[in-house]
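Inspection log for the structure reproduced underneath, given as structure tokens.
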Amino acid sequence: MDSFPQPTERDIVALAVTFTYSLLLLATAEAIRILFQYDTDFTRKVIHIGAGTWAWGVFILFEKWQFAIIPFGIYIAITYLALRLKLLKSMDPSEGATPGTIYFCFSITVLFYVFHAGFDEGWPRGREYLAMSGIMAMTFGDAMASIVGRRSGTRPVPIPFAILNKTIEGSWACFVSIVVVEVFTLGVLAGPTIGQSGVIFGALTAAVLGTWLEAISPWGTDNLTVPFGVSFGLWLFGY
């Protein structure tokens, strides 16, 4: 079937490496929680950053896009069961399980699918840079907003429609981290096409969108709004 081809040897190896990495990531987060007594909000961010960053691994290792979307698609079900049954304390926030991690896996799966055109042609994977832009904005923007906001945030952020617990410090951390990661992502994957000015404008656009969406999205929905908002926002701007 043309719509779902046979996996290549590279795809099979990539699946094995990806699932091995996932098990090691979860084990590492649990070890950090148990051995160093870090709270579960911190270990959730370890998993969040580790999972999001592995999008690069998926991006590089797989040969066919149909198999590249499998891991995070499976993670949706695994994460749901882990949260529902409380199988891993390192994934449970202190105030109770939220669907944020599930949303993030869903976002990655959908974005890889939507922007898969050109993936099978090899590096730089066609228009997948749009998917990666949204994924990286969520991976690092949300994580830094949470870490800095919880530890150093004191002033409510004056962003329209922002939810109550968002702070200026957290939002600035979100903005700066998105700018940095988008300059890297767009520069590596689309730099020769959009040029230096396009990279900078795209990074600033992604940062504005991502920071605003992170600030206004309650109950873990920023795991949907930030990656989708950044990816489709850049697409609407002609990227």
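Just so it is clear, glycine is given a Cβ too, placed from its N, Cα and C backbone atoms.
The annotation transmembrane segment is assigned in TrEMBL to 12-34 (among others). Within the chain carrying the transmembrane segment (12-34), a Cβ under 8 angstroms from the stretch's Cβ atoms is held by residues 40, 42-44, 46-47, 50-51, 54, 57-58, 61-63, 67-68, 70-71, 75, 88-91, all 6 or more beyond its ends.
According to TrEMBL, the transmembrane segment annotation covers 68-85 (among others).
The annotation transmembrane segment is assigned in TrEMBL to 97-117 (among others).
Taken from TrEMBL, the feature transmembrane segment covers 129-149 (among others).
Away from its own ends, the transmembrane segment (170-188) comes close to residues 124, 129, 132-133, 136-137, 139-150, 153, 157, 159, 162, 194, 198-200, 202-204, 206-208, 210-211, 214-215, 230, 239 of its chain (Cβ-Cβ under 8 Å, at least six residues beyond either end). The transmembrane segment feature in TrEMBL is assigned to 170-188 (among others).
Long-range contacts of the transmembrane segment (194-213) within the same chain, counting only residues at least 6 positions beyond its ends with a Cβ under 8 Å from a Cβ of the stretch, are 133, 137-138, 141, 145, 159, 171, 174-176, 178-179, 182-183, 186-187, 222, 225-226, 229-230, 233-234, 237, 239. The transmembrane segment annotation in TrEMBL covers 194-213 (among others).
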Spatial neighbours of the transmembrane segment (97-117) far in sequence, C-beta under 8 Å, 6+ residues away: 44, 47-48, 51-52, 55, 58, 65, 68-69, 72-73, 75-76, 79-80, 83-84, 86, 91, 126-128, 130-131, 134-135, 138, 219-224, 227-228, 231
